[in-house]
Amino acid sequence: MSASRFVKCVTVGDGAVGKTCLLISYTSNTFPTDYVPTVFDNFSANVVVNGSTVNLGLWDTAGQEDYNRLRPLSYRGADVFILAFSLISKASYENVSKKWIPELKHYAPGVPIVLVGTKLDLRDDKQFFIDHPGAVPITTAQGEELRKQIGAPTYIECSSKTQENVKAVFDAAIRVVLQPPKQKKKKSKAQKACSIL
């Protein structure tokens with residue numbers, strides 16, 4: 001059996017979208033109830049996906065503006081990014097294309113991205129929207145549209161609180177690294193119209 005491949009997976013996204021909760025939920029099967037900005041240490045574990053053993057290294061980042069200059073230091077050597085937004089925060093959804101995609105393209109061009117909508121349990125929670133009248137839910141269709149717009153191979157909605165699709169997020173991230181999606185070859189207009197006389 002061959003040695004396991006190391007995969008560095010870095011989570012990014014706005015502050016308070018649930019990046020740390022997602023990581024804690026995945027690594028310990030528990031849900032932290034108090035919000036403390038980025039207290040997750042880097043984590044490494046052997047994971048088997050599609051019969052391949054992978055040493056998965058998880059890196060948490062702080063989404064707050066205060067960390068804009070420090071955060072990119074953790075991008076070096078990343079194999080895949082988990083780009084998270086909250087399904088109950090339109091601002092975090094909009095920042096995927098406004099802030100995060102430009103940052104990732106600048107500091108880590110070509111690294112694949114798994115787009116993740118977090119807090120799935122709250123999207124259908126009527127009481128949450130009564131208590132937070134300004135909150136706007138993001139639909140699955142909107143998430144898929146954003147995935148296409150940013151060119152991410154995968155979009156997954158999950159809930160760290162209920163564990164729904166949490167494992168699927170990290171399995172998808174590993175799969176994207178082990179089996180990158182085939183690039184569609186586009187012929188430029190110049191190639192199509194060129195004729196030699």
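Placed from the backbone N, Cα and C atoms, the Cβ positions cover glycine too.
Going by Swiss-Prot, these are the annotated features:
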- 13-20, 60-64, 118-121: GTP binding site (BINDING)
- Cys194: S-geranylgeranyl cysteine (LIPID)
- Cys194: cysteine methyl ester (MOD_RES)
- 35-43: motif 'Effector region' (MOTIF)
Around the Cβ of Leu120 (GTP binding site), the count of other Cβ atoms that are within 10 Å: 23
Conformational class of Thr61 (GTP binding site) under the three-state DSSP mapping: coil
Winner by Cβ contact number (other Cβ atoms within 10 Å) across the binding-site residues Thr61, Gln64: Thr61
Collapsed DSSP category at Leu120 (GTP binding site): helix
Where Gly13 (GTP binding site) sits in the secondary structure, as DSSP reduces it to three classes: coil
Cβ neighbour count (within 10 Å, all chains shown) around Lys19 (GTP binding site): 27
Three-state secondary structure, which DSSP defines for Lys19 (GTP binding site): helix
